[in-house]
Amino acid sequence: KVAIKGIERELICPACKELFTHPLILPCQHNVCHKCVKEILFAFEDSFADGGSESSNQSSPRIRISASSMDRIDRINRSGRKRNSLTPRSTLFPCPGCQRDIDLGERGINGLFRNFTLETIVERYRQAARAAIAIMCDFCKPPPQESTKSCMDCSASYCNECFKIHHPWGTVKAQHEYVGPTTNFRPKILMCPEHEMERVNMYCEICRRPVCHLCKLGGGHANHRVTTMSTAYKTLKEKLSKDIEYLISKESQVKAHITQLDLLLKETECNSERAKQEASQSFEKLYHVLEEKKSAALRAIETSKNIRLEKLQTQVEEYQGLLENNGLVGYAQEVLKETDPSCFVQTAKQLHVRIQKATESLKSFRPAAETTFEDFVVDTAKQEDVLGDLSFHSNGLEIPEINEEQSKMYNKALICWECPGKTDSADIYVLEYHKLNREDESVTWQKTEVCGKSKVLSDLDDDSSYAFRVRGYKGSICSPWSREVILHTPPAPVFSFLFDDKCGYNNEHLHLNPRRTSVESRAGFPLLLGSERLQVGCYTTLDYIIGDTGIAKGKHFWAFHVEAYSYLVKVGVVPSNKIQKLFHNTHDVTSPRYEQDSGHDSGSEDAFFDSSQPCTLVTLGMKKFFIPATPAAPKDPASRILPLPSCLGICLDCDRGRVGFYDAGRMKCLYECEVDCSGIMYPAFALMGGAAVHLEEAVTAKYREYHDDI
């Protein structure tokens, strides 16, 4: 049997850290003192009044409100609840044992069961702890005698004589239940807290709590699975007994585990000390390298200083000599007074050389050494970045890789990464990015922490290139940085629109999805029947569809996908004043040799883009992108055929009157031309035969989660 003193930590309230007093069973099956539940609820109401400030908890230092529940406090605070000085009105609080949010419902504390079994065990523990302190008889005249038994029906303790007097033989009181001396009295019948006049006689297997028959008939347990109290008692007692027997039988195994854990504790201490020493040695090496570099730099500066001072001092001495040559000038003036040519020449020759040197020195004055030490400035920017990233590296933590195919740059940037081993070994990831700028030599990485393997960024500039890298963290351990990936943002803000299902839409030949983001041409019987009226070798009419939103000014970009099986698709823009002409254009019924930008060999090198067409379109099809035949285009038709990108983009600049067609994956312009933007411009698409176009979906905060669900 387990000694009574070995269970004391099971008898401690998780809120007040003292022995339980009138413990209540919470819905999560943890026990808390009745007074502690009240204090917690009052503390929450104080938090509501004070806006969740820390000072609101000062009145009850035993109670600590978890940060995870503060958002609940804010919501309930906004509901306008006020504290009642008698009973707490709040019914929501975190369990002190498991920190789960507990909602007591409408009845609040009154809806909780009192754990009488736990109370009895606590009382036994208290009696064992104070065995020397006797429980006195409640009915003896002074001085009272030591009690020998307690009556559970009378809730009182008696000595032998008093018990006989108050429980005479042959009366109803003689049938009362009595136990050994105790101060813990509990009711003989457990009553339902929701229906106070009904005794509990069933056990709800869903809520794991006793209920009465009214709870089952029309209460909150009407649809729950219940069993009789006797069955629940037998079942739970058997399970508990078996579990206790199992634990007792595994006592040697538990002791072995404890011994192993003690060894692990010591091993952890030793390994932590060793890791500290290794880390200290690594930093000492860095200190040593820095000290050597510092000494070398200071020596170089000192040497340069000495050399410069020496040169300048020499120059000072030279000019000091010029001051001393004042006598030379006077001497020369006296020589000029000589009238005998022979004597003058003899003396003036040497004197003139000295005067010339002094004159040249004055004319070409230049300090012998520089005073600045700009060449000795130590640039530590890169080293500071490296030291800032200094952390513990682990061979067991995989280096993440940015997935360029899943990453996307559109209205926002979606950056996705994965681990090569397909295992999520890191607890958190750090994504860094910076804008590439040739003029700015210094690089400042922007950092963001991510719990998953993707991140949506919305603060990037248009028409720019960004470098991205990511690393994983598990505690204080981190992986090396991933390979840097460079992605390009769209050349202009993203323009959002849907396909227009009203203006000129031919629902016999074209099929729109319910969201109006995809259009598909139906190459079925209507197309075959229509071809009977055409000449042999001619194409049928193109089916046009436009966007439901127009552009009046500014620069805009939109992207879309063309299915690889598409035979013929035209994409571009159309002004509002030519939309009617677009849908009734007679040139749509053409032969392959007449179509100017179809990509087929027209047989004429001089057949250029027809400016009379109502809209500016380029031709796609058969996995190819056809550059229109313009004077600026290459003469060779083969050089005007490019592979069809997986995603295409169109950039319309109304202010400059130009439209560009882009490879949206790399944000590279494939073709650009002038366009008349005198009216409101609409995105335009034309399909023929089997073909489909899907508009690029805008990136949202939940973009990745949505597509993962799909």
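Quick reminder: no glycine exception, Cβ is built from N, Cα and C everywhere.
Keep in mind the model is a prediction, meaning the values are calculated, not measured.
TrEMBL lists 187-229 with the feature domain 'B box-type'. Broken down with DSSP, the domain 'B box-type' (187-229) shows 7 helix, 11 strand, 25 coil.
Summarising the annotation, TrEMBL assigns coiled coil to 258-285.
Summarising the annotation, TrEMBL assigns domain 'COS' to 336-393.
What TrEMBL lists as domain 'Fibronectin type-III' is 396-492. Each residue in the domain 'Fibronectin type-III' (396-492) gets a DSSP state, and the totals come to 0 helix, 43 strand, 54 coil.
Residues or ranges marked as domain 'B30.2/SPRY' by TrEMBL: 477-704.
Helix, strand and coil content of the domain 'COS' (336-393), in residues and according to DSSP, is 34 helix, 2 strand, 22 coil.
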